[in-house]
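Novice: The structure follows.
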Amino acid sequence: MAVMKFTWRSIIPRCSKGIEEAEAEAEAETKKQDSKQGSFSRLAMIDFSYPSSMFTEDLSTSLAGSNLYVFTLEELKVITQCFSSANFLGEGGFGPVHKGFIDDNLRPGLEAQPVAVKLLDLEGLQGHREWLTEVVFLAQLSHPHLVKLIGYCCEDENRLLVYEYMPRGSLENQLFAKYSVPLPWSTRMKIALGAAKGLAYLHEAEKPVIYRDFKASNILLDSDYSAKLSDFGLAKDGPEGDKTHVSTRVMGTRGYAAPEYIMTGHLTAMSDVYSFGVVLLELLTGRRSLDKSRSPREQNLAEWARPMLNESRRLARIMDPKLEGQYSETGARKAAALAYQCLSHRAKQRPKMSDVVNILEPLLDYGETSVASFVYTVPTHQKGGSPPKDDTDTKECEAKTELKKENGHHRNRHHHRRSHKSRDGHRHQNKSSSQSSVHSENDTSKQNLENGSNEECNID
């Protein structure tokens, strides 16, 4: 039995429409789907005022073909040791996240693996709607660059999600945490490519999905620094038929949201492309998308950096100093040119994510090199004498240019070894920092925007 893709209106229409209008729409949608798929059990009209047992039964029945596990709250208490502080990974806008471990002792057939258990904070920035959005999308979407949802729990007022565990945490943590090991150039391009593939998959699905909240804290990294998109609470179905956009309330994170989306509320796949350009800039510069601790003209990364992306001399000035010049100049120019296109103020001039993938893939072949260093040598003359009559008759400005081809594989292996040694340090930091990873997601809700951090919110 094929699993049909649900929209928000088919699941909780009463959240956004009058009951009569929602019922009419649901009936029409049912007839449409029945004609395509025969007899398929779809969610009845439901809202959160219904008993949770009825809600859980409807949800689990409708997602029966998705292979999601429906966990009990007691089971999740067991695997997290009652949500022990020792297993605490971090906290974000959704709520706290704890590490756990599942195997066939918990449920027959369960693969033994560490997991991240995310608990909805009823007083947090997100709620039932975002929780259900994530369940519905991740139950039906599967790709190497999307985080895997293993199961969920819905008991009384409790809403939990169980994901695969991502040991390297978030890209935000890797780039900006105080004691993080600097990411090598090749690793940064690998992360950019993986995230781009995840977005391209969403945009080119049979029923396209607009991610709407693409940012560094939502890009999680496995042990090999392979990027996976997480947190689908704000995702939306793409426009259908002859529609060019989805009209919606403006939601997202300051510094990442596309300007036309902020101005009009018109959401398209190109909105995600703009956000990707911002993250690519963060990878190039080592700067946050929004940093109010900087001078006013440098606070918004995209506005400050974009004019310099097409000029080689100016580009060198904005590259991340943590790279210490160890990057491919050609690769950096190509990546910067791509970021420039993605950040175009005209949405139609931005590339599709499939084109972004094609541009990024060759950049993995560029090795890490030392950028040119210039050393000025001025000859000294004897006091009261004249300059010697040789090759130094006149003052020279000798430019010594060194280009060292480095073994990128060796450097990455050294970086991974250093990261492994400091993993316990990162784990301790995740427990104590407001920028902690939450399977790993950063606590954007508690960061102070005035101090330069981003904030997930309604964007007015």
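Placed from the backbone N, Cα and C atoms, the Cβ positions cover glycine too.
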Novice: Out of K77, K118, which one does Swiss-Prot list together with L89, G90, E91, G92, G93, F94, G95, P96, V97 for ATP?
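Specialist: My reading of Swiss-Prot gives K118 as the candidate in that site.
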Novice: Going by C-alpha distance, which of the recorded positions Y163, Y165, D213 is nearest to G93 (ATP binding site)?
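Specialist: The smallest Cα gap between G93 (ATP binding site) and any of the recorded positions is with D213.
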Novice: If you measure from the Cα of Y165 (phosphotyrosine), which of the recorded positions L89, E91, D213 is the nearest?
Specialist: L89
Novice: Tell me, by DSSP, whether G95 (ATP binding site) is helix, strand or coil?
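Specialist: Reduced to three states, the DSSP call for G95 (ATP binding site) is coil.
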Novice: Do you know offhand how many angstrom separate D213 (active site, proton acceptor) and V97 (ATP binding site) by C-alpha?
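Specialist: Here the two Cα atoms lie 19 Å apart.
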Novice: How many whole Å apart are the CA atoms of Y163 (phosphotyrosine) and G95 (ATP binding site)?
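Specialist: Roughly 14 Å, rounded to the nearest whole number.
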Novice: What mean pLDDT score does the domain 'Protein kinase' (83-364) have in the model?
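Specialist: For the domain 'Protein kinase' (83-364), the model's average pLDDT rounds to 93.
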